[in-house]
Every structure is written in structure tokens, then in C-alpha cells.
Amino acid sequence: MVKKRLYLELENCIGCRSCLAACTQCGGHEQRNRNYVYDVNPLKNRQTMPLMCLHCVNPACARSCPAQAIQIHETGAVLSALVEKCIGCQNCTIACPYGIPKFDTEQNLMYKCDLCIDRTKDGIPPMCASVCPSNTLQWLTDEEIEAKQKQFNLDNGKWVTSMPYLEGETNVRVNLPGILQGVTKLF
Amino acid sequence: MQEVNTKAPKDKFFREIENVRHPNETLIKTHCAYCGMQCGMNLRVNTKTNQIIGVEPRYDWPVTVGKMCPKGVTAYQQTNHPDRILKPLIRDDASLKGTDKGFREASWEEAYDLIARKFKELQGKYGKDTLSVFSGVSMTNEKCYLTGKFARVALQTRYIDYNGRFCMSSAAGGFLRSFGVDRGSTLPWTDIHETDCLFIAGSNTAECHPTSMFRVWNVQERGGYLIVADPRETPIARRADVHLDLRPGTDLALANGIVNLLIQNGYVDEEFVNQHTNGFEETKELVNQFTPEYTSQITGVAVEKIIRAAEIYGKAPNAVVMFARGIEQQHKGVDNVSGYTNMALVTGKIGRPKSGVATFTGQGNGQGGREHGQKSDLLPGYRKITNPKHVEEVCQVWGITPEEMPQPGVSAYEMFELMDQKTIRGLYLLCSNPAVSAPNQNFVRKALKGLDFMVCVDFYLSESAEFADVILPTVTWSEDEGTVTNLEGRIIKINKAQEPLGESKPDWQIQVELSERLGRGKYFSHLKTARDVADEFRLASKGGYADYYGATWDKIDKQDGVFWPCRDEEDPGTPHMFLDKKFYHPDGKAKICALPYRPPAEEPDAEYPLRLTTGRVVFHYLSGNQTRRIQFLRDMCPEPYVEVHPETAAKYNIEHEEYVRLYTRRGEAEYKVKITEAIRKDTVFVPYHFGHEKSINLLTIAALDPISRMPEFKACAAQIEKLEMKKVQ
């Protein structure tokens, strides 16, 4: 099985929130969506962007957890808190540089994106990337991601859209807005 | 035995992916309940309870490869929703009409008896044509077909029409005039990302047909161009190479202006124009006055943008012109369609792969539903009720004589006028919610309230059902099977995933049983399954323009759908139209139309200085009767709002999220203000999915297109008034 990653192309987002609706549909997600879509500047224009868990290689959420409730799957997916271990301290929600973990006050339990682990462990794309109508969220091999990076990088040094990582190394790869600046027009 | 793979080749977006299968679950392959994209989906069914419990992407559907919008993802939640009507409902106290009060549960027997008695009574007193049928196209071809037969053979009335008059009828009228045939897209959707230029007018594609977007963006990724004409900077317009931000209701001037530039600047395909079209010279003469400056003066679009758009479209080796309700819901909607279609005809960018013209069909079966006899003047197979030969062909299938075939009726909105005049006293309403979706609601609701007797068939108690005497519970799309024709003109199969909930029944079955009560059983009783209806329907379409005879359910399954026309068992169907450059007018030529510009029926003035336009949001479908009940969608968009440009807001001294009174000559409503620079300063926008006092159609104008009878939802004159003291927390 070729390893695939979640890849985000922020420029494509149309704000439909299909990723959030689909998130609730994943078997282990108890009908709760685990990510975010933001209006970037709602009084000005319709630009939107998803904020998904980037599944850090060395995740701050897991490091900050005093109960070792946040496990890292062999695929690299940073899992949601284990119900039997989570003590509800919310350290993770503060530690995460992206504000990803959500907290259920009734259950006293943190929950977050687990990259649809019961799908991705078998190489099946997560729900969000499966349904995303605009290809903002894609499920790609490293080769495909590298090709994207080449396609969208400008070599004039002025604009680099594809960054390797935002903070620390992440399993999810992000392409910031601006991809079309590197495209050569057909005519 | 090795089965021959007859499916269409998969494009670059296709990935071979196995679906997740949970224990005690089965997946039913089907398509979405909502728009014309008809995205493929799998419904997850629990094999112990036999109930639909969720959705799983259908990665192998070639058009949408597993993609779904938020409406599609949550569509399954309709089926076992607590709001479902489970038994027939009767209201004895007519004074409660217009409310949801006074309904009591009844048996099907009692409901049928009452309907048959009332219908007979009314027809005995006032003649056959006192009854009417108002239908919709969010249901299968089989149901749409049978509804036409039910009206004409069981009720024997001339008055049948449908909500496509608020949706697709202008596209139909424009295509018929330009091409002689009305297939919504001349090419399959799998061509779209391979073209070099998309010219999209009046389509908020990212919100209304989101699963087209990965193909649209791919055009730009490849270095192609995207041109969008829209008064608002919608999510698709935001990324366009050229955004033609025109005044609502001025599309025809823009189209004429661009055609003029295409002609002036040498982009005409002379060989194509000479051999395959009529009307070029008159059109050339007419559009001559639409200089960029004059076009800019009418449309409000900058001269440079108009010139640039024409240059890009003209230069593009391949290009697709696409449009939607923005240009069609005008009182010159048909002219707008033919006007933009002219771009493709003068440049010859049609009748070959990767080039053509397409409309984004609004309703799930907006294409098929308009072809098979729900329209006041049409019979199955796109036959005309005014053509004696066509009438005879259909009579043979139906077993009636041509003398028994009713005359043509009137269009959807005009039926309300006849109700108001008491020409129509009874209504059988199905698959539609005109108490939200029709224009000029104060009048429409009065007309509905004044009916002597009204039946509403629905699975939820809609705003329109509040005017009914009897409500019959029908099924959702997932509890029956049949075919639907998507926005490409591809006939696809909807499959049954669950038994009907409660005592609900599919529309075709209700119509068969009611026909029997009305003493017309001999024309209907042989239809015992959806497949029986399908077989009769295919036969009834045989030989028509929209010939479905060869589109058997087996072939649909084997080929991933069948594009009509498909005339016999051997015919694989017609993905690309006009490849032989033969159009459907008698001389085989397309018509380039010379179309004088007309402004919207109601222009702004001192009293009503703003232009009001209406449309959709991504979270709701049509009148919202379905989507407003789904929690995720309701959470995302719980109420309508009015979009106002900040400079306009400053003029009225109104703020973001403040409630204001918006009013026109026809009505008023209060809306929360949404301030955005993504709209013209002279225009305000309100989404139309909401009912009762929140319905923007209280304000819209019923100015009808002379050909399509489409109301002008997209442009009228309005004014804003600040509400004192009322600021939301």
C-alpha cells in the first residue's frame, strides 16, 4: 500500500463546509465534526479556508498530555483522546499551535481529528478529502505532492507557495493561497 | 464468463478506491436527492433494521468521483426524519387554511374517498378544467411522466404545469430556439476541465453546483481562463480571470456586446457560420450598436473587462459557455440564453469535444422532468400537445382518442391567476412548494387560500401544505426507484434503499390508486411497479426528440448512465451533441439570434433606488422544505439575510447584523444585514430558501418571459428602511 497524505490547497476553498458535514459521517466520529472552516475576511470577500489537524510528527497536543491519552498511530495520525485515559485537563487545546482539539464539557473529554483512522489505516481517503468538491482537500502520494510543489513554486524567489511545513514537521502538507501565480497561461 | 466493460473511460480525477464496509451494513448505489449534478453516493443501510443510517462516497461515479456538497452528505437524514408525514392528513375546518393547524390523521381509504368525491363534485359543477395539477422535477422521470398522464387522462384537465417554470424553462426555450432541441449540456461534464476557457454567466457554481468546482479550478491550473459574469463576487467569481460584475438584468446587453467584439475582431468561424447556421447577418447588424462603451453604459461593467473577456473567449482554441438561473430568471431569460449561445455559434465553438454550451440544471431532474409531459404544452418525448401527429403517437400509448386529449394549459404562475379568477377551483400539488418558491407571494398565497379544494402530496408539511385540505404522505427519493436525467443529459438510476416509512407511498402509486377511484383505472391499473411505469414511459418517449426508448435500466447500469437521445437497444446514447454539425431545426442549421436589448421589467427609481436580486446558498435546496429540517444545514444557515455593500450601508446608516426592512411595490420583509464588498453598490441580495414572513418572494416581481413564462426573480426595484431600536444582541 503506497502511503498517502492529506494535502491542502487553500486557494481552492469555496466555503461549502462539506468537509465538516462529512466529518460527522465517519464511523468513529459520533456525529461530531472535528475541524474548522474560516471566513478569512467576511466583510470584504468570500475567501474561506479550512483549518484541519496537520497531524504533527512531534505533536504538541500529545506532548502536553499528562495522561498519555493522545496516541500516535503507526500511519502518523495523531488520534483523538482515549476515553479511558483523558482527564479533561484541556492542556492539549492550549498546546496545539493551530487550536485543533475540541472539548466536550459534558463528557469531560477532548476530541479531535483522527484522520478517519478506520478508513486511512486501510488506505481509504478520509471523509473530508473524499467529498471535498473543490479539491481543497486531497489524498495524495508523496510523488503527487512533490509534483504539485514543483508546479506551483515560482523560481523567481519572490513567491513560494508550497512550504514544507508551517511550524514543526507535519504529516499533512499545506499549499498556501497563491498557487495560480506560478501557472503559465495557455495563450 | 468475462463481462465486457462498456463503461465510459475514467478521467484523471478517478481513483480506484474500495468503500468502507461496516459489519451489518450494506451499501446501496444511488445519487443525491437534490440538484442537477446528481452526485453519485452510496446509502448505508443497516441490514438488521433495514434502515438508512448514513452515506459513503461513491468513488466510482465518473462525474463526481465521490464528491458531495454538505447538502449531499446529509441528504440521507431526510428519510427517517421525525418531521415525516406517516399517514394521510385531513383538515375539516377550512378556516384554518394557511396555517399548520387542524389536520387529523386519516386512512388512505378515507383520504381517497374524500378526494374523489370533491374532485367529481367540482368537475360536475364547473367542468373538467376546474382542476389543476402543479408538479415539480425533483422526482424521477417515471413520476414526472405519470403525473402528465394523470392530469390529462385521470383528471382530464388541461391545467397542468410545474416548478420548472421557476427554474429551467428559459434555458429550454433558448436552446429550442438556437438549436431546435433542448438538452441542457451539449457535452459531458467530464470534458469541462479539459477546455481552455470557461465563460460562466449567472451561475453561483461554488454554492449551487459545488461538485463542478474541482473541474472548474482545474481549467485555471492548466493555464486556461475563467470568466464569470455575476453582480456578486461569489466564491467562483473571486478567482475568475475576468469578473464581469454587471447590473442584475442586463445580461443580454453584455452578450450582445461580446458577440459584437467577436465579430469585429475576426473571431468568426466563417465556414461554420455559413454552412451550419442562419441569422448571422441580422445579428451582426443588431449587435453593431453594442460597442464596449454602450455595453458598459447599460451593464455597468468596465470597458476593459468586456474587451478582455471577448478577447479571451475569441482566442481560446476550445471554450464552454455556461449559465444558470442568474440569466434565465429574467423576463428576457430566453433571449439571454440565446444571446450567450450566440457566442458559441459565431465562433463555431460547439459540436466538438471540450467546446459547447451548457446550463447548470437546478433541480435533480430538471432536465428529464421537463421533457415528458408535465409542462402545460408538452407530451412525453418532448412532443407538442399542439401537434396532431404528436398527440396521436401519445394517445396510442395511453389508449385514449386524440379528441380526449386536453388542450394546452397555462404556465405555473398563470395558474395562480386562474385560481384567483376561480377558473381553477381545485389543485393537486406535488413535489413543489410554491408558497415559498413562486414570485409575488402575497398574491400566490391568497390564490391558494381561495381554492375550493386542495390536495398536497409531500413527505413534510411544507408551507404550501398549510393551504391544503388533504395531505398525502409520499416517499423520499431513497424509498423508490427510477431514472433521473442529470444536468449533462445523462439518464441515471436512483435505487431504493429502504421501504417506505409509515404508510407513505410513492407518487406513481398514489396516482394509480386515485385514478382507480376516479373511474379511470383501465388506463392505470396495469402499473404495479416503478419498472412498469418505466417501461410505459420509454415507449411513450419513443420517436420524440427526447427519445429514451433505448435507455433501459440495464444499459444505464452497464454504461454509468445513458445520454439521450438513445433510440434503441443498440444505441449507446449521445454524450456529445451536434458532432456531425447537424442541429435539430428542419434545415439542420442552428439559429444565431438577433436580440434587441430590453431592460428589466422594473427599473430602480427615486422611490425604489436599489436593485434586488435573489439566489441560493450552499446549505439549502430550493424552497428549503427539506434542507431547513437538517440540523447541520440549519446550523450553518438558519435564516435569510440581505447582502449590502458597505458604501450603501453607510448611506442608509445601517450596520452589519442589524435588522432592516426591505420592501418593494409588492411586499416587505425584515432581514439581518450582511455587509460585504462582494456585491455591487446598487444591488442587494437575499437568498430565497425561507418561508412565511421571511420569504424574499413576498417582494419579487411576477414579470414573465413571453416565451418561457419564467418570472423575473433576478431583478426588481427595492428600498431599505432602518428599523429603529432593533439591534440584535
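Glycine too: its Cβ is placed from the backbone N, Cα and C atoms.
Taken from TrEMBL, the feature domain '4Fe-4S ferredoxin-type' covers A:4-34 (among others). The residues of the domain '4Fe-4S ferredoxin-type' (A:4-34), classed with DSSP into helix (H, G, I), strand (E, B) and coil, number 12 helix, 6 strand, 13 coil.
Per TrEMBL, the feature domain '4Fe-4S ferredoxin-type' maps to A:44-75 (among others). Beyond the ends of the domain '4Fe-4S ferredoxin-type' (A:44-75), by six or more residues, the same chain brings 3, 6, 8, 10, 13-15, 19, 34-38, 81-82, 85-87, 89, 91-101, 110, 112-115, 117, 120-121, 128, 136-137, 166-172, 174, 177 to within a C-beta distance below 8 angstroms of the stretch.
A Cβ distance under 8 Å defines the sequence-distant neighbours of the domain '4Fe-4S ferredoxin-type' (A:77-106), meaning residues of its chain 6+ beyond its ends; these are 28, 32, 34-36, 51-56, 59-71, 112-115, 117, 120, 167, 171. Summarising the annotation, TrEMBL assigns domain '4Fe-4S ferredoxin-type' to A:77-106 (among others).
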Over the span of the domain '4Fe-4S ferredoxin-type' (A:77-106), count residues by DSSP class, listing helix, strand and coil in order. 5 helix, 4 strand, 21 coil
Across the domain '4Fe-4S ferredoxin-type' (A:44-75), DSSP labelling yields 5 helix, 6 strand, 21 coil
In the domain '4Fe-4S ferredoxin-type' (A:44-75), averaged pLDDT is 96
